[in-house]
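Per Swiss-Prot, these features apply:
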{"type": "TOPO_DOM", "residues": "1-4", "note": "topological domain 'Cytoplasmic'"}
{"type": "TRANSMEM", "residues": "5-26", "note": "transmembrane segment"}
{"type": "TOPO_DOM", "residues": "27-568", "note": "topological domain 'Extracellular'"}
{"type": "DISULFID", "residues": "CYS49-CYS73", "note": "disulfide bond"}
{"type": "CARBOHYD", "residues": "ASN94", "note": "N-linked glycosylation site"}
{"type": "BINDING", "residues": "ARG106, THR398, ILE399, ASN400, GLU419, ASP422, SER450, SER451, GLY473", "note": "L-glutamate binding site"}
{"type": "CARBOHYD", "residues": "ASN114", "note": "N-linked glycosylation site"}
{"type": "CARBOHYD", "residues": "ASN119", "note": "N-linked glycosylation site"}
{"type": "DISULFID", "residues": "CYS191-CYS195", "note": "disulfide bond"}
{"type": "CARBOHYD", "residues": "ASN229", "note": "N-linked glycosylation site"}
{"type": "CARBOHYD", "residues": "ASN343", "note": "N-linked glycosylation site"}
{"type": "ACT_SITE", "residues": "THR380", "note": "active site, nucleophile"}
{"type": "CARBOHYD", "residues": "ASN510", "note": "N-linked glycosylation site"}
Amino acid sequence: MKNRFLVLGLVAVVLVFVIIGLCIWLPYTSGKPDHVYSRAAVATDAKRCSEIGRDILQEGGSVVDAAIASLLCMGLMNAHSMGIGGGLFFTIYNSTTGKVEVINAREVAPRLANTTMFNNSKDSEEGGLSVAVPGEIRGYELAHQRHGRLPWARLFQPSIQLARHGFPVGKGLAIALDKKRDVIEKTPALCEVFCRQGKVLQEGETVTMPKLADTLQILAQEGAKAFYNGSLTAQIVKDIQEAGGIMTVEDLNNYRAELIEHPMSIGLGDATLYVPSAPLSGPVLILILNILKGYNFSPKSVATPEQKALTYHRIVEAFRFAYAKRTMLGDPKFVDVSQVIRNMSSEFYATQLRARITDETTHPAAYYEPEFYLQDDGGTAHLSAVSEDGSAVAATSTINLYFGSKVLSRVSGILFNDEMDDFSSPNFINQFRVAPSPANFIKPGKQPLSSMCPSIILDKDGQVRMVVGASGGTQITTSVALAIINSLWFGYDVKRAVEEPRLHNQLLPNTTTVEKDIDQVVTAGLKIRHHHTEVTPTFIAVVQAVVRASGGWAAASDSRKGGEPAGY
């Protein structure tokens, strides 16, 4: 009996020590936010690429240096989404000057392109005719000329090594390979890179890109001119023309990235959002937020089931009004969209639209007055980064649909975009019986409309508060809006702001798409208000964000694509 009491006594003592230990230890573990860095942070959609950016910053590189090095890596590890055969937009905050600027390096239509070249065919989605003039490398060049600190060639070295020696297929690339399995296995040039024994690679298997490594080495040594007016130019044109394209040497010679010194901006309480204007979707994002800020959202807006259901109904209605107006946007160098953009950025206009939102019900598509129809655009990749000096970059890059044009050069290893598919065509018959948008028709040298919106938010003192953007085609703009709403208005930490289940509505089709883990209170509330909802079998977009936190910079790379941030 005594032995039994002795054992029980010892167990009790051990339990006391365990409980005391947990009380001391838990506050320092479970209470500590994930991925908070005291000095600098880089959030990409691939862990290794975030680490490359961090390493560049620790070497003394600028935030633009880090972004370029990370983007080159992302073009390998998520080659289905972006790469040097595509184009991008940078939004850059320079803490020394206190100014935000945008660099436009989006692809343009070749000079032999014309409005009716596709005639409702699939040629805009794959093959040489779908390839627009790439802008990626010219974009890197201009950004580096303005803000670079380390030598240009240094930024290429990590990706040259990765391409030459190989890297494991990550979650995002594995999903894309599985989705496009048939076309990849039937396309020899693609299968040489992305297959093993004739079957697409699986997650964790090693992929090498030796030809692309050689091309990156040439670009590192010779600069951007090698691509546009140098040793790589003739082969690029040959590859595209042999695949049925119309690109010429002159198209590459004449391509220039554009500096925009006064991007769009909007006041959000004591903060200011900066974002690119058309042909990107900054005006759409601004209209969504302008409509919604009149509701004075706060943590209370999602505190009860009733409030949460109403709040999400209002959000979806704002999406629908904004996407109706998106159909009138196009490249401002070719079409006069100044009045449309003025309206979309006007608080008075947003107030008028907000007054048309009824809290009891949604409405048929015609209620929101869509002028035209715009087809979906494709996937992308996004990076958000902040450096020690408080400078920041939001960069969104794309080759459009998964694996772009499916034209991969067996000489240079470059995978080319299918950005021509982002234009509208007068001969395209859509299922909604809404006319295609003339503002987005093809013209030589024109840029197609895009959903991308790399965003930087500054506080009232001009310091970075949030850097955010997304990939995921037409769902990009709504997902960036939700991340901003979650962070600024609902008070979520950055991880929750990014990971919170999302929903999307672009008016046409007249369906609200929701992720499977979304709160049932939200879907029930939408149903009561006559929304048609569908659960997506996959996910809605992929967001990367960095937010100022008490301990420094809190960073989040969306788990939907398997990314992870890095910093120090």
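The backbone N, Cα and C atoms fix where each Cβ goes, and this holds for glycine too.
Structure coloured by features recorded in Swiss-Prot.
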residue: CYS49; record: disulfide bond; DSSP class: helix
residue: CYS73; record: disulfide bond; DSSP class: helix
residue: ASN94; record: N-linked glycosylation site; DSSP class: strand
residue: CYS191; record: disulfide bond; DSSP class: helix
residue: ASN343; record: N-linked glycosylation site; DSSP class: helix
residue: THR380; record: active site, nucleophile; DSSP class: strand
residue: ILE399; record: L-glutamate binding site; DSSP class: strand
residue: GLU419; record: L-glutamate binding site; DSSP class: helix
residue: GLY473; record: L-glutamate binding site; DSSP class: helix
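Between the C-alpha atoms of ASN114 (N-linked glycosylation site) and THR380 (active site, nucleophile), the distance comes to 25 Å. Neighbour count (other Cβ atoms within 10 Å of the Cβ, all protein chains): 11 for ASN119 (N-linked glycosylation site). Reported as a whole number, the C-alpha separation between ASN94 (N-linked glycosylation site) and ARG106 (L-glutamate binding site) equals 22 Å.
Of the residues the record lists as binding L-glutamate, namely ARG106, THR398, ILE399, ASN400, GLU419, ASP422, SER450, SER451, GLY473, the two whose Cα atoms sit farthest apart are 15 Å from each other.
Recorded residues THR380 (active site, nucleophile) and CYS49 (disulfide bond) have their alpha carbons 15 Å apart, per Cα-Cα distance.
Between the alpha carbons (Cα) of CYS73 (disulfide bond) and ILE399 (L-glutamate binding site) lies a span of roughly 15 Å.
Residues GLY86, GLY87, GLU107, ASP377, GLY378, THR380, ASN417, PRO448, MET452 surround the recorded L-glutamate site, their Cβ atoms falling within 8 Å of the Cβ centroid of ARG106, THR398, ILE399, ASN400, GLU419, ASP422, SER450, SER451, GLY473, which are themselves excluded. Look at ARG106 (L-glutamate binding site): DSSP puts it in coil. Comparing C-alpha positions, ASN229 (N-linked glycosylation site) sits nearest to GLU419 among the binding-site residues GLU419, SER450, GLY473.
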